[in-house]
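Swiss-Prot annotations:
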TOPO_DOM  1-9  topological domain 'Cytoplasmic'
TOPO_DOM  55-64  topological domain 'Cytoplasmic'
TOPO_DOM  110-120  topological domain 'Cytoplasmic'
TRANSMEM  10-30  transmembrane segment
TRANSMEM  34-54  transmembrane segment
TRANSMEM  65-85  transmembrane segment
TRANSMEM  89-109  transmembrane segment
Amino acid sequence: MLKLFAKYTSIGVLNTLIHWVVFGVCIYVAHTNQALANFAGFVVAVSFSFFANAKFTFKASTTTMRYMLYVGFMGTLSATVGWAADRCALPPMITLVTFSAISLVCGFVYSKFIVFRDAK
């Protein structure tokens, strides 16, 4: 399980970079609120994360249902963190770090036990 989590984390680093860049562009260039910026970062990064983890971490086939399960869960998580950040007036960097930590742990558990549960 630790080896699997290490692979998931490696892909997560790239995913996080993608997410953070999009988030920053939305906040500092497009001047959106944090909920929208966090969700936009998620949308761009989630497909990479899904396909990379399916192939390299879980060695599983990609199906529409698996993709929808993953995107639905992670999207809800992203929107919730962004909404809470706006309600609490958190600085954008705190929002990014918070979402990155929560999504790493929750995303791994959800992927392993729900999305890719019947994979190898």
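Backbone N, Cα and C define each Cβ position, glycine as well.
Mean pLDDT for the topological domain 'Cytoplasmic' (55-64) in this predicted model: 95. Cβ atoms under 8 Å from those of the transmembrane segment (65-85) belong to residues 33-39, 41-43, 46, 49-50, 54, 92, 94-95, 98-99, 102-103, 106-107, 110-111, 114-116 of the same chain, restricted to positions at least 6 beyond its ends.
Taking DSSP states H, G and I as helix and E and B as strand, the topological domain 'Cytoplasmic' (1-9) has 8 helix, 0 strand, 1 coil.
Non-local neighbours of the topological domain 'Cytoplasmic' (1-9) in the same chain are 53, 56-58, 104, 107-108, 111-112; each lies 6+ residues outside the stretch with a CB under 8 Å from one of its CB atoms.
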